[in-house]
Amino acid sequence: MYVRHLGLRDFRSWACVDLELHPGRTVFVGPNGYGKTNLIEALWYSTTLGSHRVSADLPLIRVGTDRAVISTIVVNDGRECAVDLEIATGRVNKARLNRSSVRSTRDVVGVLRAVLFAPEDLGLVRGDPADRRRYLDDLAIVRRPAIAAVRAEYERVVRQRTALLKSVPGARYRGDRGVFDTLEVWDSRLAEHGAELVAARIDLVNQLAPEVKKAYQLLAPESRSASIGYRASMDVTGPSEQSDTDRQLLAARLLAALAARRDAELERGVCLVGPHRDDLILRLGDQPAKGFASHGEAWSLAVALRLAAYQLLRVDGGEPVLLLDDVFAELDVMRRRALATAAESAEQVLVTAAVLEDIPAGWDARRVHIDVRADDTGSMSVVLP
């Protein structure tokens, strides 16, 4: 798989650009702040319908405009597929597949399969559980696009149920007991959709675990062994069983946990149980990586998580596109060499670098130089001829 064409209109710093890309390695070169990462971000958005840098879509739209468009042509096994994504302010985003409108933007998920390496990856080890949940969900969606709808529906249920929990004090004051019947309905919906999401995550962690261990050993052979596990908020006594992916059983456990935490939820007005409260546990030896890993170990583990994702996508069928955003500048010589070796088999590698010296020696790559120019509308990124 490779991206043959990338077109942007009013996306971040790019007013208008059309890039013809090729299999093999391409390096986008330019000083920091010139818009290199925005190209990678656009491709990642086409992969997951989300940015790796921000949680909302508004910052993706160029200042002074009301919409951004990302257009890609992806070649997979000799077949071309065109995707256009329109990100708009104040209205629902739209998508087209091979020039035809689709009902939902989720319908284009899976056309482009990519793995992203970025400086933000350090947050997978040292950041909040939300960073690790997003890593799992993004990978699950790339592998099984239907998970995007599962997550979207679960998030809708959590929003509705949270609003209901916040309304309980007023309902009690009015003597309205019907709110508790409604809450039971939303409990069932949370358990149903939450169980499906948890099952997908646990199944994914089971497959990732041996790949993470192998990749970490390659990156840090002198370090302790790496392991991962899934911790569910419904398991008040400890981590969930890693083989437990039965949806009915998971739903029953979620309902039981909701009942057990009902008083606390009513007091605080928030949902305390569900996959939005879960975490991916990372360990080095018998210690949690967060708080105990050195800077080098943390980077090795972060890269190992991405390499493991890359390997799973390869096993699924077809080489995913590798997106490397300034990651070589963050790694020492040994880890840089290990990542470069892993990338050698990829059909397409798209890399950003502030200076060419950040690219591994001996890499044969096309170079695209990025600059910034200004006009009456402000500064914008451009590709130098």
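Every residue gets a Cβ built from N, Cα and C, even glycine.
Residues or ranges marked as ATP binding site by Swiss-Prot on the basis of sequence analysis: GLY30, PRO31, ASN32, GLY33, TYR34, GLY35, LYS36, THR37.
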Please identify, from the binding-site residues ASN32, THR37, the residue with the sparsest Cβ neighbourhood, meaning fewest other Cβ atoms within 10 angstroms.
ASN32
Per DSSP, three-state class assigned to GLY30 (ATP binding site):
coil
Fewest other Cβ atoms within 10 Å: which of the binding-site residues GLY30, GLY33, GLY35 wins that one? Let me know.
GLY33
